[in-house]
Amino acid sequence: MAGGSEIAGHYKHLINPNKHWWQHTRGWKLMFWVGLYCLGNMANGYDGALVSGLQILPLFQEDFNHPTGSTLGLLGAVQNIGSLGSIPVAPLWNDRFGRRKTILLGTTMMITGAALQAAAKDVNWFLGGRALLGFGGGFNNNADPLMVIELAYPSHRPILSGCYGSLTGVGSIVAAAITFGTYYISSSWSWRLPALVQVIPTVFQMCMVMLGPESPRWLMSKGREQEALDVLVYYHGKGDPHDPLVLYEFEEMKKAVEEEKKNKIGGWISLFNTPGMRRRSWIMMALALSGQWSGNGLVTYYLSPVLNTIGITDRKQQLGINLGLTVWNFACGIMAGFSADKFGRRRIFLATTSMMLAFLVSVTICSAQYNLHKDKVSGAFVVVFIYFFTGCYAFGWPGIMLLYVTEIVPTSLRSKAHSLWAITQASFLVFNQYTNPIGFQSLGWKYYLVFDVVMVVILAFLYFFIIETKGLTLEETGILFDGEVAVKNLQDRADQQAALDADVEDIVHRDRGEEESPGSEKGSFVHTEHV
(Lines of atoms letter the chains of each structure in order from A and count residues from 1; the text may use other names and numbers.)
(Lines give C-alpha, C1' and ligand atoms only; values in the text may rest on other atoms or scores of the structure.)
Protein backbone atom coordinates (compact mmCIF):
# COMPACT_ATOMS: atom_id res chain seq x y z
CA MET A 1 0.00 0.00 0.00
CA ALA A 2 1.26 3.46 -0.83
CA GLY A 3 0.68 4.68 2.71
CA GLY A 4 -2.09 7.07 1.72
CA SER A 5 0.20 9.34 -0.30
CA GLU A 6 -1.81 8.98 -3.52
CA ILE A 7 -5.07 10.07 -1.94
CA ALA A 8 -3.93 12.46 0.79
CA GLY A 9 -5.27 15.98 1.09
CA HIS A 10 -8.43 15.41 -0.97
CA TYR A 11 -10.71 17.52 1.25
CA LYS A 12 -8.33 20.49 1.39
CA HIS A 13 -9.54 22.01 -1.87
CA LEU A 14 -12.86 22.63 -0.09
CA ILE A 15 -11.23 24.92 2.49
CA ASN A 16 -10.96 28.62 1.74
CA PRO A 17 -7.25 29.44 2.32
CA ASN A 18 -8.12 33.10 2.99
CA LYS A 19 -10.33 32.31 5.99
CA HIS A 20 -8.80 31.49 9.35
CA TRP A 21 -10.39 30.27 12.56
CA TRP A 22 -9.38 33.34 14.58
CA GLN A 23 -11.32 35.63 12.22
CA HIS A 24 -14.70 34.33 13.42
CA THR A 25 -16.17 34.04 16.92
CA ARG A 26 -17.34 30.49 16.20
CA GLY A 27 -13.76 29.49 15.46
CA TRP A 28 -12.78 30.74 18.92
CA LYS A 29 -15.69 28.81 20.46
CA LEU A 30 -14.61 25.61 18.73
CA MET A 31 -11.06 26.03 20.01
CA PHE A 32 -12.39 26.62 23.51
CA TRP A 33 -14.40 23.40 23.50
CA VAL A 34 -11.57 21.35 22.04
CA GLY A 35 -9.24 22.90 24.64
CA LEU A 36 -11.65 21.84 27.37
CA TYR A 37 -11.24 18.19 26.38
CA CYS A 38 -7.47 18.60 26.27
CA LEU A 39 -7.58 19.37 30.00
CA GLY A 40 -8.13 15.67 30.65
CA ASN A 41 -4.64 14.89 29.40
CA MET A 42 -3.21 17.73 31.43
CA ALA A 43 -4.51 15.91 34.52
CA ASN A 44 -2.76 12.73 33.29
CA GLY A 45 0.53 14.57 32.90
CA TYR A 46 0.17 16.16 36.31
CA ASP A 47 -0.24 12.76 37.92
CA GLY A 48 2.75 11.28 36.13
CA ALA A 49 5.09 14.01 37.37
CA LEU A 50 3.38 14.07 40.78
CA VAL A 51 4.46 10.52 41.54
CA SER A 52 8.05 11.35 40.62
CA GLY A 53 8.02 14.63 42.54
CA LEU A 54 6.44 13.22 45.71
CA GLN A 55 9.16 10.60 45.98
CA ILE A 56 11.71 13.41 46.38
CA LEU A 57 9.81 15.22 49.17
CA PRO A 58 11.22 14.27 52.62
CA LEU A 59 7.89 14.53 54.48
CA PHE A 60 6.16 12.27 51.94
CA GLN A 61 8.90 9.72 52.53
CA GLU A 62 8.48 10.04 56.31
CA ASP A 63 4.66 9.84 56.30
CA PHE A 64 4.75 6.68 54.20
CA ASN A 65 7.76 5.03 55.85
CA HIS A 66 10.22 5.50 52.96
CA PRO A 67 8.60 3.20 50.37
CA THR A 68 11.00 1.13 48.27
CA GLY A 69 10.88 -1.80 45.86
CA SER A 70 7.42 -3.27 45.33
CA THR A 71 5.70 -0.68 47.56
CA LEU A 72 7.20 2.14 45.54
CA GLY A 73 6.19 0.34 42.36
CA LEU A 74 2.61 -0.02 43.63
CA LEU A 75 2.41 3.72 44.42
CA GLY A 76 3.22 4.44 40.79
CA ALA A 77 1.11 1.63 39.30
CA VAL A 78 -2.09 1.69 41.35
CA GLN A 79 -3.73 4.50 39.40
CA ASN A 80 -3.26 2.54 36.20
CA ILE A 81 -4.57 -0.58 37.92
CA GLY A 82 -7.73 1.44 38.67
CA SER A 83 -7.79 2.62 35.07
CA LEU A 84 -7.64 -0.99 33.89
CA GLY A 85 -10.83 -1.70 35.82
CA SER A 86 -12.77 1.00 33.95
CA ILE A 87 -11.47 0.32 30.45
CA PRO A 88 -13.93 -2.51 29.63
CA VAL A 89 -16.87 -0.43 30.91
CA ALA A 90 -15.98 3.06 29.66
CA PRO A 91 -16.51 2.42 25.90
CA LEU A 92 -19.91 0.86 26.54
CA TRP A 93 -20.99 3.97 28.47
CA ASN A 94 -19.33 6.19 25.87
CA ASP A 95 -21.14 4.56 22.94
CA ARG A 96 -24.47 4.45 24.76
CA PHE A 97 -24.64 7.89 26.41
CA GLY A 98 -22.19 9.98 24.39
CA ARG A 99 -18.79 11.55 24.90
CA ARG A 100 -19.90 14.40 27.18
CA LYS A 101 -21.76 12.28 29.74
CA THR A 102 -18.79 9.90 29.84
CA ILE A 103 -16.51 12.82 30.73
CA LEU A 104 -19.01 14.04 33.34
CA LEU A 105 -19.00 10.66 35.08
CA GLY A 106 -15.23 10.31 34.86
CA THR A 107 -14.47 13.75 36.28
CA THR A 108 -16.82 13.15 39.23
CA MET A 109 -14.92 10.01 40.21
CA MET A 110 -11.54 11.65 39.61
CA ILE A 111 -12.34 14.55 41.93
CA THR A 112 -13.45 12.16 44.66
CA GLY A 113 -10.32 10.05 44.27
CA ALA A 114 -7.98 13.05 44.32
CA ALA A 115 -9.64 14.36 47.50
CA LEU A 116 -9.17 10.97 49.20
CA GLN A 117 -5.56 10.89 48.05
CA ALA A 118 -4.85 14.34 49.51
CA ALA A 119 -6.50 13.43 52.84
CA ALA A 120 -4.65 10.10 53.23
CA LYS A 121 -3.47 9.12 56.70
CA ASP A 122 -1.56 6.01 55.62
CA VAL A 123 -0.27 4.35 52.50
CA ASN A 124 -3.38 2.16 52.00
CA TRP A 125 -5.66 5.20 52.13
CA PHE A 126 -3.43 6.94 49.62
CA LEU A 127 -3.49 3.91 47.34
CA GLY A 128 -7.30 3.73 47.54
CA GLY A 129 -7.67 7.35 46.47
CA ARG A 130 -5.29 6.83 43.56
CA ALA A 131 -7.15 3.70 42.46
CA LEU A 132 -10.48 5.59 42.33
CA LEU A 133 -8.80 8.48 40.54
CA GLY A 134 -7.50 6.02 37.97
CA PHE A 135 -10.90 4.36 37.56
CA GLY A 136 -12.55 7.70 36.77
CA GLY A 137 -9.63 8.66 34.57
CA GLY A 138 -10.33 5.60 32.44
CA PHE A 139 -13.70 7.13 31.46
CA ASN A 140 -12.11 10.50 30.71
CA ASN A 141 -9.26 9.00 28.74
CA ASN A 142 -11.75 7.13 26.58
CA ALA A 143 -13.89 10.15 25.72
CA ASP A 144 -11.52 13.16 25.80
CA PRO A 145 -9.28 12.26 22.84
CA LEU A 146 -12.28 11.14 20.78
CA MET A 147 -13.93 14.53 21.30
CA VAL A 148 -10.73 16.36 20.33
CA ILE A 149 -10.34 14.39 17.12
CA GLU A 150 -14.03 14.07 16.17
CA LEU A 151 -14.96 17.71 16.84
CA ALA A 152 -11.86 19.46 15.48
CA TYR A 153 -11.81 21.24 12.14
CA PRO A 154 -10.33 18.70 9.66
CA SER A 155 -7.12 20.59 8.89
CA HIS A 156 -6.58 21.28 12.61
CA ARG A 157 -6.96 17.66 13.72
CA PRO A 158 -3.24 16.68 13.71
CA ILE A 159 -2.23 19.93 15.44
CA LEU A 160 -4.88 19.63 18.14
CA SER A 161 -4.12 15.96 18.65
CA GLY A 162 -0.48 16.91 19.14
CA CYS A 163 -1.54 19.61 21.60
CA TYR A 164 -3.67 17.04 23.44
CA GLY A 165 -0.68 14.74 23.74
CA SER A 166 1.71 17.52 24.73
CA LEU A 167 -0.61 18.83 27.45
CA THR A 168 0.70 16.01 29.58
CA GLY A 169 3.78 18.25 29.55
CA VAL A 170 1.80 21.20 30.92
CA GLY A 171 0.49 19.01 33.72
CA SER A 172 4.00 17.72 34.36
CA ILE A 173 5.44 21.24 34.49
CA VAL A 174 2.79 22.34 36.97
CA ALA A 175 3.33 19.26 39.16
CA ALA A 176 7.12 19.58 39.06
CA ALA A 177 6.94 23.29 39.87
CA ILE A 178 4.50 22.80 42.75
CA THR A 179 6.49 19.93 44.30
CA PHE A 180 9.63 22.05 43.93
CA GLY A 181 7.90 24.88 45.81
CA THR A 182 6.25 22.75 48.50
CA TYR A 183 9.61 21.17 49.33
CA TYR A 184 10.06 24.10 51.70
CA ILE A 185 6.77 23.51 53.57
CA SER A 186 7.59 21.87 56.90
CA SER A 187 4.38 19.88 57.27
CA SER A 188 2.45 17.15 55.47
CA TRP A 189 0.98 19.86 53.25
CA SER A 190 4.24 19.69 51.34
CA TRP A 191 2.76 16.60 49.61
CA ARG A 192 -0.98 17.05 50.34
CA LEU A 193 -1.14 20.38 48.50
CA PRO A 194 0.27 19.01 45.22
CA ALA A 195 -2.10 16.04 45.51
CA LEU A 196 -5.08 18.39 45.98
CA VAL A 197 -4.18 20.85 43.21
CA GLN A 198 -4.69 17.97 40.77
CA VAL A 199 -8.48 18.49 40.88
CA ILE A 200 -8.48 22.06 39.50
CA PRO A 201 -8.58 21.30 35.74
CA THR A 202 -10.90 18.36 36.40
CA VAL A 203 -13.41 20.54 38.29
CA PHE A 204 -13.42 23.08 35.46
CA GLN A 205 -13.97 20.35 32.90
CA MET A 206 -16.83 18.83 34.90
CA CYS A 207 -18.61 22.19 35.22
CA MET A 208 -18.35 23.08 31.53
CA VAL A 209 -18.65 19.83 29.58
CA MET A 210 -22.46 19.65 29.33
CA LEU A 211 -22.64 23.21 27.99
CA GLY A 212 -20.70 22.36 24.83
CA PRO A 213 -21.48 20.42 21.64
CA GLU A 214 -21.57 16.65 21.34
CA SER A 215 -19.40 14.79 18.84
CA PRO A 216 -21.05 14.99 15.39
CA ARG A 217 -19.73 11.48 14.63
CA TRP A 218 -21.45 10.04 17.70
CA LEU A 219 -24.66 11.88 16.85
CA MET A 220 -24.53 10.48 13.32
CA SER A 221 -23.96 6.95 14.62
CA LYS A 222 -27.16 7.30 16.68
CA GLY A 223 -29.24 8.44 13.71
CA ARG A 224 -29.37 12.04 14.92
CA GLU A 225 -28.37 13.43 11.54
CA GLN A 226 -29.89 16.89 11.96
CA GLU A 227 -28.06 17.45 15.23
CA ALA A 228 -24.79 16.26 13.68
CA LEU A 229 -25.32 18.65 10.77
CA ASP A 230 -26.14 21.51 13.15
CA VAL A 231 -22.80 21.04 14.93
CA LEU A 232 -20.89 20.93 11.64
CA VAL A 233 -22.69 23.99 10.29
CA TYR A 234 -22.14 26.03 13.44
CA TYR A 235 -18.49 25.21 14.07
CA HIS A 236 -17.03 24.14 10.70
CA GLY A 237 -19.25 26.16 8.36
CA LYS A 238 -19.46 29.34 10.48
CA GLY A 239 -23.25 29.17 10.18
CA ASP A 240 -23.44 28.42 6.44
CA PRO A 241 -25.42 25.15 5.90
CA HIS A 242 -24.21 24.99 2.29
CA ASP A 243 -20.50 25.35 3.05
CA PRO A 244 -18.76 22.83 0.70
CA LEU A 245 -16.60 21.35 3.45
CA VAL A 246 -19.58 20.88 5.76
CA LEU A 247 -21.56 19.09 3.04
CA TYR A 248 -18.58 16.87 2.21
CA GLU A 249 -17.98 15.99 5.88
CA PHE A 250 -21.67 15.31 6.47
CA GLU A 251 -21.91 12.97 3.50
CA GLU A 252 -18.72 11.10 4.38
CA MET A 253 -19.93 10.58 7.94
CA LYS A 254 -23.33 9.40 6.74
CA LYS A 255 -21.96 7.04 4.11
CA ALA A 256 -19.37 5.62 6.53
CA VAL A 257 -21.99 4.96 9.22
CA GLU A 258 -24.31 3.35 6.65
CA GLU A 259 -21.55 0.98 5.57
CA GLU A 260 -20.68 0.12 9.16
CA LYS A 261 -24.32 -0.70 9.96
CA LYS A 262 -24.65 -2.66 6.73
CA ASN A 263 -21.62 -4.75 7.65
CA LYS A 264 -22.80 -5.02 11.28
CA ILE A 265 -19.67 -3.37 12.64
CA GLY A 266 -19.92 -2.28 16.26
CA GLY A 267 -19.46 -5.11 18.77
CA TRP A 268 -16.21 -6.06 20.48
CA ILE A 269 -15.81 -9.05 18.15
CA SER A 270 -15.71 -6.63 15.20
CA LEU A 271 -12.22 -5.61 16.30
CA PHE A 272 -10.96 -8.99 15.06
CA ASN A 273 -13.45 -10.40 12.56
CA THR A 274 -11.93 -9.05 9.30
CA PRO A 275 -8.34 -8.95 8.01
CA GLY A 276 -8.38 -5.13 8.03
CA MET A 277 -9.63 -4.92 11.63
CA ARG A 278 -7.20 -7.59 12.81
CA ARG A 279 -4.38 -5.59 11.29
CA ARG A 280 -5.61 -2.38 12.95
CA SER A 281 -5.97 -4.10 16.33
CA TRP A 282 -2.52 -5.69 16.11
CA ILE A 283 -0.92 -2.34 15.25
CA MET A 284 -2.76 -0.53 18.06
CA MET A 285 -1.68 -3.09 20.67
CA ALA A 286 1.89 -3.14 19.35
CA LEU A 287 2.07 0.66 19.51
CA ALA A 288 0.74 0.60 23.08
CA LEU A 289 3.39 -1.92 24.07
CA SER A 290 6.10 0.01 22.22
CA GLY A 291 5.18 3.29 23.91
CA GLN A 292 5.62 1.69 27.33
CA TRP A 293 8.71 -0.40 26.55
CA SER A 294 10.63 2.41 24.87
CA GLY A 295 12.30 3.29 28.18
CA ASN A 296 10.55 6.60 28.72
CA GLY A 297 8.77 5.28 31.82
CA LEU A 298 12.12 4.93 33.57
CA VAL A 299 12.60 8.69 33.80
CA THR A 300 8.93 9.68 33.81
CA TYR A 301 8.02 7.83 36.99
CA TYR A 302 11.39 6.95 38.56
CA LEU A 303 13.69 9.87 37.88
CA SER A 304 14.98 9.87 41.46
CA PRO A 305 16.36 6.28 41.35
CA VAL A 306 17.82 6.99 37.88
CA LEU A 307 19.67 10.06 39.18
CA ASN A 308 20.81 8.14 42.24
CA THR A 309 22.66 5.69 39.97
CA ILE A 310 24.87 8.53 38.71
CA GLY A 311 25.51 10.14 42.08
CA ILE A 312 22.96 12.98 41.91
CA THR A 313 21.30 12.51 45.29
CA ASP A 314 20.61 16.09 46.42
CA ARG A 315 16.82 16.50 46.65
CA LYS A 316 16.70 20.09 45.42
CA GLN A 317 18.96 19.26 42.49
CA GLN A 318 16.72 16.31 41.55
CA LEU A 319 13.62 18.51 41.73
CA GLY A 320 15.30 21.10 39.51
CA ILE A 321 16.23 18.47 36.91
CA ASN A 322 12.68 17.10 37.06
CA LEU A 323 11.21 20.57 36.42
CA GLY A 324 13.62 21.28 33.59
CA LEU A 325 12.86 17.93 32.00
CA THR A 326 9.11 18.52 31.98
CA VAL A 327 9.49 21.97 30.39
CA TRP A 328 11.79 20.53 27.72
CA ASN A 329 9.40 17.66 26.98
CA PHE A 330 6.47 20.04 26.61
CA ALA A 331 8.38 22.20 24.14
CA CYS A 332 9.24 19.11 22.06
CA GLY A 333 5.72 17.66 22.30
CA ILE A 334 3.94 20.82 21.17
CA MET A 335 5.95 20.76 17.94
CA ALA A 336 4.72 17.27 17.07
CA GLY A 337 1.18 18.35 16.19
CA PHE A 338 2.45 21.03 13.82
CA SER A 339 4.69 18.47 12.12
CA ALA A 340 2.29 15.51 11.74
CA ASP A 341 0.79 16.59 8.41
CA LYS A 342 4.03 18.12 7.16
CA PHE A 343 6.31 15.11 7.64
CA GLY A 344 3.75 12.33 8.09
CA ARG A 345 3.09 9.99 10.99
CA ARG A 346 5.30 7.14 9.73
CA ARG A 347 8.37 9.32 9.11
CA ILE A 348 8.11 10.94 12.55
CA PHE A 349 7.78 7.54 14.25
CA LEU A 350 10.85 6.17 12.47
CA ALA A 351 13.07 9.25 12.87
CA THR A 352 12.38 9.89 16.54
CA THR A 353 12.59 6.22 17.52
CA SER A 354 15.95 5.87 15.77
CA MET A 355 17.27 8.84 17.72
CA MET A 356 15.77 7.48 20.95
CA LEU A 357 17.68 4.24 20.43
CA ALA A 358 20.94 6.13 19.88
CA PHE A 359 20.45 8.30 22.97
CA LEU A 360 19.40 5.37 25.17
CA VAL A 361 22.53 3.46 24.17
CA SER A 362 24.49 6.61 25.07
CA VAL A 363 22.78 6.73 28.49
CA THR A 364 23.72 3.08 29.01
CA ILE A 365 27.39 3.64 28.11
CA CYS A 366 27.76 6.79 30.23
CA SER A 367 26.01 5.16 33.21
CA ALA A 368 28.37 2.21 32.96
CA GLN A 369 31.38 4.54 32.83
CA TYR A 370 30.19 6.41 35.92
CA ASN A 371 29.48 3.28 37.94
CA LEU A 372 32.70 1.53 36.94
CA HIS A 373 35.07 4.48 37.14
CA LYS A 374 33.14 7.17 39.07
CA ASP A 375 33.65 9.52 36.14
CA LYS A 376 31.67 12.67 36.94
CA VAL A 377 31.74 13.82 33.32
CA SER A 378 30.02 10.60 32.27
CA GLY A 379 27.40 11.17 34.96
CA ALA A 380 26.72 14.66 33.63
CA PHE A 381 26.35 13.28 30.10
CA VAL A 382 23.74 10.81 31.37
CA VAL A 383 21.53 13.79 32.26
CA VAL A 384 22.19 15.39 28.85
CA PHE A 385 21.31 12.22 26.97
CA ILE A 386 18.19 11.71 29.12
CA TYR A 387 17.05 15.15 27.99
CA PHE A 388 17.66 14.27 24.35
CA PHE A 389 15.98 10.88 24.73
CA THR A 390 12.83 12.18 26.41
CA GLY A 391 12.64 15.09 23.96
CA CYS A 392 12.57 12.67 21.03
CA TYR A 393 9.92 10.61 22.80
CA ALA A 394 7.79 13.70 23.47
CA PHE A 395 8.04 14.74 19.81
CA GLY A 396 7.44 11.36 18.23
CA TRP A 397 5.16 9.35 20.48
CA PRO A 398 2.42 10.75 22.81
CA GLY A 399 0.52 12.97 20.37
CA ILE A 400 1.39 11.10 17.16
CA MET A 401 0.52 7.69 18.62
CA LEU A 402 -2.79 8.94 20.00
CA LEU A 403 -3.66 10.53 16.67
CA TYR A 404 -2.74 7.40 14.74
CA VAL A 405 -4.57 4.80 16.83
CA THR A 406 -7.70 6.96 16.95
CA GLU A 407 -7.90 7.85 13.28
CA ILE A 408 -7.35 4.39 11.73
CA VAL A 409 -10.57 2.93 13.16
CA PRO A 410 -14.19 3.31 11.88
CA THR A 411 -16.52 5.55 13.89
CA SER A 412 -18.64 2.79 15.42
CA LEU A 413 -15.54 1.02 16.77
CA ARG A 414 -13.44 4.04 17.72
CA SER A 415 -14.34 3.99 21.42
CA LYS A 416 -13.82 0.23 21.78
CA ALA A 417 -10.62 0.29 19.73
CA HIS A 418 -9.31 3.13 21.87
CA SER A 419 -10.05 0.99 24.92
CA LEU A 420 -8.19 -1.96 23.40
CA TRP A 421 -5.19 0.31 22.92
CA ALA A 422 -5.61 1.81 26.40
CA ILE A 423 -5.96 -1.53 28.19
CA THR A 424 -2.82 -2.80 26.46
CA GLN A 425 -0.97 0.39 27.32
CA ALA A 426 -2.15 0.41 30.93
CA SER A 427 -1.31 -3.29 31.38
CA PHE A 428 2.29 -2.81 30.31
CA LEU A 429 2.49 0.49 32.20
CA VAL A 430 1.42 -1.27 35.39
CA PHE A 431 3.96 -4.01 34.71
CA ASN A 432 6.71 -1.46 34.10
CA GLN A 433 5.84 0.69 37.09
CA TYR A 434 5.90 -2.33 39.36
CA THR A 435 9.05 -3.96 37.98
CA ASN A 436 11.21 -0.92 37.15
CA PRO A 437 12.08 -0.07 40.79
CA ILE A 438 12.88 -3.74 41.39
CA GLY A 439 14.97 -3.90 38.22
CA PHE A 440 16.91 -0.77 39.16
CA GLN A 441 17.44 -2.01 42.69
CA SER A 442 18.79 -5.35 41.43
CA LEU A 443 20.70 -4.42 38.25
CA GLY A 444 21.45 -0.69 38.48
CA TRP A 445 22.67 0.75 35.17
CA LYS A 446 22.60 -2.72 33.52
CA TYR A 447 18.81 -2.50 33.51
CA TYR A 448 19.10 -0.09 30.56
CA LEU A 449 20.39 -2.96 28.40
CA VAL A 450 16.93 -4.57 28.42
CA PHE A 451 15.38 -1.48 26.86
CA ASP A 452 18.23 -1.10 24.36
CA VAL A 453 17.34 -4.48 22.88
CA VAL A 454 13.60 -3.81 22.96
CA MET A 455 14.07 -0.51 21.11
CA VAL A 456 15.64 -2.37 18.16
CA VAL A 457 12.55 -4.59 17.94
CA ILE A 458 10.25 -1.55 18.13
CA LEU A 459 12.09 0.13 15.28
CA ALA A 460 11.67 -2.96 13.08
CA PHE A 461 7.94 -3.07 13.85
CA LEU A 462 7.46 0.57 12.90
CA TYR A 463 9.32 0.13 9.61
CA PHE A 464 7.36 -2.89 8.43
CA PHE A 465 3.83 -2.24 9.72
CA ILE A 466 3.03 1.50 10.00
CA ILE A 467 1.04 2.91 7.05
CA GLU A 468 0.98 6.66 6.35
CA THR A 469 -2.33 8.46 7.02
CA LYS A 470 -1.51 12.15 6.65
CA GLY A 471 -3.95 14.43 4.82
CA LEU A 472 -7.04 12.23 5.14
CA THR A 473 -10.34 12.79 6.96
CA LEU A 474 -11.33 10.57 9.88
CA GLU A 475 -13.73 8.61 7.69
CA GLU A 476 -11.03 8.05 5.07
CA THR A 477 -8.36 6.91 7.54
CA GLY A 478 -11.03 4.72 9.16
CA ILE A 479 -11.21 2.53 6.04
CA LEU A 480 -7.62 2.95 4.81
CA PHE A 481 -6.63 -0.51 6.02
CA ASP A 482 -9.41 -1.97 3.87
CA GLY A 483 -7.64 -0.66 0.76
CA GLU A 484 -7.10 2.62 -1.09
CA VAL A 485 -9.92 1.73 -3.50
CA ALA A 486 -12.39 1.87 -0.60
CA VAL A 487 -11.10 5.31 0.36
CA LYS A 488 -11.39 6.64 -3.19
CA ASN A 489 -14.91 5.25 -3.53
CA LEU A 490 -15.94 7.01 -0.30
CA GLN A 491 -14.45 10.28 -1.52
CA ASP A 492 -16.21 10.02 -4.88
CA ARG A 493 -19.60 9.28 -3.33
CA ALA A 494 -19.20 12.14 -0.83
CA ASP A 495 -18.19 14.53 -3.62
CA GLN A 496 -21.19 13.61 -5.75
CA GLN A 497 -23.70 13.79 -2.91
CA ALA A 498 -22.27 17.06 -1.56
CA ALA A 499 -22.70 18.61 -5.00
CA LEU A 500 -26.38 17.66 -4.91
CA ASP A 501 -26.74 18.96 -1.35
CA ALA A 502 -25.52 22.39 -2.39
CA ASP A 503 -28.82 23.11 -4.14
CA VAL A 504 -31.13 21.52 -1.56
CA GLU A 505 -32.85 23.49 1.19
CA ASP A 506 -33.26 20.72 3.81
CA ILE A 507 -30.42 18.23 3.44
CA VAL A 508 -31.51 15.74 6.10
CA HIS A 509 -35.11 15.54 4.82
CA ARG A 510 -33.89 15.17 1.26
CA ASP A 511 -31.65 12.29 2.28
CA ARG A 512 -34.64 10.60 3.91
CA GLY A 513 -36.83 11.14 0.85
CA GLU A 514 -39.12 13.50 2.74
CA GLU A 515 -40.60 16.77 1.58
CA GLU A 516 -39.33 20.06 2.85
CA SER A 517 -41.23 21.72 5.62
CA PRO A 518 -43.45 24.59 4.42
CA GLY A 519 -41.89 27.98 4.85
CA SER A 520 -38.34 26.69 5.28
CA GLU A 521 -35.67 29.19 4.30
CA LYS A 522 -32.24 28.65 2.89
CA GLY A 523 -29.55 28.95 5.54
CA SER A 524 -32.04 28.66 8.38
CA PHE A 525 -30.02 26.17 10.43
CA VAL A 526 -29.79 27.29 14.03
CA HIS A 527 -27.09 25.97 16.36
CA THR A 528 -28.30 24.38 19.56
CA GLU A 529 -26.23 22.83 22.34
CA HIS A 530 -27.76 19.39 22.71
CA VAL A 531 -27.75 18.06 26.24
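Please read every residue number as a count from 1 along the shown chain.
The backbone N, Cα and C atoms fix where each Cβ goes, and this holds for glycine too.
A TrEMBL annotation is a machine prediction, not a hand-curated record.
Here the structure is a predicted model, which means the values were calculated and not measured.
Residues or ranges marked as domain 'Major facilitator superfamily (MFS) profile' by TrEMBL: 33-470. Feature annotation from TrEMBL assigns transmembrane segment to 163-185, 191-212, 323-341, 348-370, 382-405, 447-466. Per TrEMBL, the feature region 'Disordered' maps to 511-531.
Here the listed stretches are 191-212, 323-341, 348-370, 382-405, 447-466, and the one with the most C-beta pairs under 8 angstroms to the transmembrane segment (163-185) is 323-341. Between the transmembrane segment (348-370) and the stretches 191-212, 323-341, 382-405, 447-466, the greatest number of Cβ pairs separated by less than 8 Å involves 382-405. Outside the transmembrane segment (191-212) by six or more residues, the chain places 33, 36-37, 39-40, 42-43, 46-47, 50, 53-54, 57, 59-60, 63, 100-101, 103-104, 107-108, 110-111, 114-115, 117-119, 133, 140, 171, 174-175, 178-179, 182, 185, 529, 531 with a CB less than 8 A from a CB of the stretch.
Long-range contacts of the transmembrane segment (382-405) within the same chain: residues 145, 149, 157-158, 161-166, 168-169, 283-284, 287-288, 291, 294-296, 299-300, 306-307, 310, 312, 321, 324-325, 328-333, 335-337, 339-340, 345, 348-349, 351-353, 355-356, 359-360, 362-363, 366-367, 370, 417-418, 421, 466, 469, each at least 6 residues beyond the stretch ends and with a Cβ under 8 Å from a Cβ of the stretch.
Within the model, the domain 'Major facilitator superfamily (MFS) profile' (33-470) carries an average pLDDT of 85.
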